[in-house]
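**Student:** Let me begin by handing over the structure; questions about it come next.
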Amino acid sequence: MFMQKIIVLIGPTGIGKTELALKLAPKINAEIISGDSMQIYQEVSIGTAKPTAEELRQVKHYLVNQRSIFDEYSVKDFVAEGKKAVNQIAAKGSIPLVVGGTGFYINALVNKLQLGEPGDYQTSVDSKWEKYLKDNGAEKLWQLLDEKDPVAAKKIAPQNSRRTLRALTVISRTGKLFSQQQAQISPRYDALIIGLNSNREEVYQRINKRVDKMMNAGLLKEAKFVYDNRAREHQAIQAIGYKEFFPYFSGEKTLDECVNKLKQASRKYAKRQLTYFKHQLSVVWLDPLQDKEVSERALNEIKSFLNK
């Protein structure tokens, strides 16, 4: 049975995925599908490290700037639109290149994870857990997951309410443990997954510099927009890069304190990304910071894969 080949480029935040993808795409006749859960939103660009207008012109991108943060958008929507993008790219005779850092979304696209049925049932389940979170807080929500599925809970930080909500939602929709999803998956595509990583200190230094660069590019203004619209339920409220500035806007903390908090949150997020990638996906790892030939090495891996 024919299985569509795709290339996936993953790695922690700030490692250089976009840069490498833009180098590789013309050489392998590829178009890029964003595998980032936040780049789909039109209103937030700096904090989501969205490709620039020039980069978007260089190579055709999919799942970037297609929704408003006030729209409902779930992993099921991402998979549906991602599959459509893969088909469109393949129909042209081009190679789909998925690039991003949202491990669960990428995994759900590459593999047939059981995500439950669409429709009102999905919405009502999400609302139920969201209400529980609002009434009891992130720690209690995580404890609830720990009771239902301790294996899944161990892989999620108690303060990461977004992932806890997702796990509880999947359990409710499917009637199966979130941690058992991996045992029930089958591949949707024949995927070569290339991962970028380097030693932790270098990755963390890049993250810190990247936050400074984002601040210079106008991140604070973008965060203020998110803060000013917090009364309307939207997707960016809990996103790293925005919520860290809320205490500054409310007068509780200094700007420097919030910038440092963002750097810390970004470093922790990078660590969680790597943990997910290493446990959930089969990856060919390359080091873009130590290896000057990383582009050539990635290209060789891709050519070998495509010629199989």
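The backbone N, Cα and C atoms fix where each Cβ goes, and this holds for glycine too.
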**Student:** Of the ranges 36-39, 128-131, 180-183, which one does Swiss-Prot flag as region 'Interaction with substrate tRNA'?
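**Tutor:** Swiss-Prot lists region 'Interaction with substrate tRNA' for residues 36-39.
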**Student:** With an 8 Å cut-off on Cβ distance to the Thr13, Gly14, Ile15, Gly16, Lys17, Thr18 Cβ center, who else from the chain surrounds the substrate site?
**Tutor:** Gly11, Pro12, Glu19, Ala49, Gly101, Leu196, Arg206
**Student:** Helix, strand or coil at Lys17 (ATP binding site), per DSSP?
**Tutor:** helix
**Student:** By CA distance, which of the binding-site residues (Thr13, Gly14, Thr18) lies nearest to Thr102 (site 'Interaction with substrate tRNA')?
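**Tutor:** That would be Thr13, nearest by Cα distance.
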**Student:** Take the mean position of the Cβ atoms of Gly11, Pro12, Thr13, Gly14, Ile15, Gly16, Lys17, Thr18, the recorded ATP site. Which other residues of that chain put their Cβ within 8 Å of it?
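**Tutor:** Sorted by sequence, the hits are Gly101, Leu196, Arg206.
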**Student:** What count of other C-beta atoms do you get within 10 angstroms of the C-beta of Ile15 (ATP binding site), across all chains shown?
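**Tutor:** The answer is 27.
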**Student:** Name the residue among the binding-site residues Gly11, Gly16 whose Cβ has the smallest number of other Cβ atoms within 10 Å.
**Tutor:** Gly16
